[in-house]
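Reading through the structure tokens given below for one structure.
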Number of protein chains: 2
Amino acid sequence: MNYFSSNFKLGILGGGQLGKMLLNDTRKFDIYTCVLDASNEAPCKIASNEFHLGDLMDFDAVYNFGNQVDVLTIEIENVNVDALEALEKEGKKVYPSSKTLRTIQNKAAQKLFYIDNNLPTAPFSRFAYLSEIEDTINNGGLKFPFVWKAAQFGYDGNGVKVVRQFSDLEGLPTGECIAENLVPFKNELAVIVARNALGETKTFPVVEMEFHPEANQVEYVICPARIPEAVAKKAVEIALKTSKAFNHVGLLAVEMFQTQNDEILINEVAPRPHNSGHQTIEASYTSQFEQHLRAILNLPLGRTDSKVSGVMVNLVGAEGFSGNVIYENIEAIMKLDGVTPHIYGKKQTRPFRKMGHVTIVNEDLNEARRIAEEVKKTIKVISE
Amino acid sequence: MNYFSSNFKLGILGGGQLGKMLLNDTRKFDIYTCVLDASNEAPCKIASNEFHLGDLMDFDAVYNFGNQVDVLTIEIENVNVDALEALEKEGKKVYPSSKTLRTIQNKAAQKLFYIDNNLPTAPFSRFAYLSEIEDTINNGGLKFPFVWKAAQFGYDGNGVKVVRQFSDLEGLPTGECIAENLVPFKNELAVIVARNALGETKTFPVVEMEFHPEANQVEYVICPARIPEAVAKKAVEIALKTSKAFNHVGLLAVEMFQTQNDEILINEVAPRPHNSGHQTIEASYTSQFEQHLRAILNLPLGRTDSKVSGVMVNLVGAEGFSGNVIYENIEAIMKLDGVTPHIYGKKQTRPFRKMGHVTIVNEDLNEARRIAEEVKKTIKVISE
């Protein structure tokens, strides 16, 4: 198929920031792209060839949209998987596959997948209802502390809570969930694997993530991770094995814990471009977005090594501010060496909403990390 | 002024490939952008917030468009300068200025500007009509060979011809022109200067250009130029002096000859992002397009040094092919190390039309140059 012609149409489910950055590369390659999103203010409304309004969880909306394109991908997991499965049965290329999405959408199913495929992950128990957790604690089958995770629709730290006592369970969603052992870890790591339909794979360097203690969102992504080579090698091997187990096509971001004794445990995966790969735009020979395109279009994969070191800082809405967004001191951070702000184009800010990110690149990782702290201290996402 | 809000509007005159690449960075910063172009198929129709149809040489079209934006820039020099001057008088920010554009639009005026400002350039004579050239040769005032250049509307090698005998003058446009001494040169070099309204300047590294012998279009741009440091230093100094002489705001691409005895002579300038800076997208800390935005919005300028070496290959329409474009072997070049194709999105190819470019980046310049040759031999822009 000739992707570089207007007879070819790529469909993207979701029109948020990941889609927006992906569109940069569809524009670069002049690939005709259609986007489906429920919001008329979606960042992807601009730069797509066709923007379609529709609910990503609605069977008909997804099915009818998918029928108009040649290859279908996602920028968010929460889409109607039945529609994708129906499209696949009719021969449509859907990456990631409905099977992979179904497994990943449900955290319990995702964990069972790791067990079934002999992939390392923290021990856990599965519960149909939150109330079952209390019963199990009461009868001695589960001990504090543990990590509660909603089985469905968690995103960016929502749907995850460390539970140390009964009162921590109050107010949580009552539905299906898992209780995972609290893993004491040295580092949170991530590896993004690209795999095309021919089974060709490439991995981006292992990155290290630092999370905001309250919001449970990534604060810094550091590339390369400052870990021993043997640990990095193990993380890459596990990521590759995971991608293969899913028979995945496209990007798979594998988030992992490096435990106190340097074990690697899979935390969770995302079958798409990921926050832990944003620094690839400036730091890598091939950005994760271009690589995702190459993978799903079965093009040769690009080089994944880094030109320079990179640190990524998320720009999230400051606490106490809601409304029309202002990026306070953005000009001040643009004075700093190797600093590139990415503004996602969401009009309204609210506490901890992802509004953009800033990449800091430098020959010297420590210098990039130092400047990243300065960026973090200087810029503030507030409202008018 | 808050550029990062939807109350601000940036206007771009021209919707071609340079505008398209500029839009990548307006999207990155979420800067609201309006584009004026005469073609409904302009590459900038997508990714601009507003696309306006109109003739860039028409006073009313440019004036009315300019009135709707806060800052006005160009991606092509051939625009109605009277309209820009009228807008400037009313306080509109226009970068480059109408004065600079008027000087640059006319090659005779441009050459006189260099003389007036003590900037080195090849000796030349100015003629109101082509017929005056013949008269001057006949009366001994001009000798073969020389370079004929149309005073107005030259673009990409059109409007330039080496004249070795009377017959070479046949068929040339009859209007205002110059005859320039044919300079025997070792290299064609270019330096892109960025300057903001505060007078802050930064220069990208000196690049070396290789031209296609027939089409007189750049075939390879090599960054950094393989020249002695003293020559590079001289080229940068002259470029900076030129930018200052124009009191320029935005990018100024200064094309120069390195003569046999290492003199530097200015060939011509372009007051905008330029073909000689495309490799900055992948090779530099800051791309020329982001830098142009930073300069015209009076933001701090970004780092202009390179992360890695870069070579750029223009993708021009092959001879003998006109019609719906096909990029033959594009997948084959994407297998090569560090290769990124940029497809401009023009539907129709014709011989020597600029349809895209390919950047090759590598730690090792010689390796990048070797791969560039492979790219050049492999990909072909043909028609259906």
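All residue numbers here begin at 1 and follow the chain in the order shown.
In case you wondered, yes, glycine gets a Cβ from its N, Cα and C as well.
TrEMBL annotations: computationally assigned, not manually curated.
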Which of A:Lys93, A:Lys99, A:Lys107, A:Lys307 belongs with A:Lys149, A:Glu180, A:Asn181, A:Leu182, A:Val183, A:Glu188, A:Asn267, A:Glu268 in the ATP site listed by TrEMBL: A:Lys107
Mean of pLDDT values spanning the domain 'ATP-grasp' (A:111-297): 93
Site with most surrounding Cβ atoms, counting all protein chains shown within 10 Å, from the binding-site residues A:Lys107, A:Glu180, A:Glu268: A:Lys107
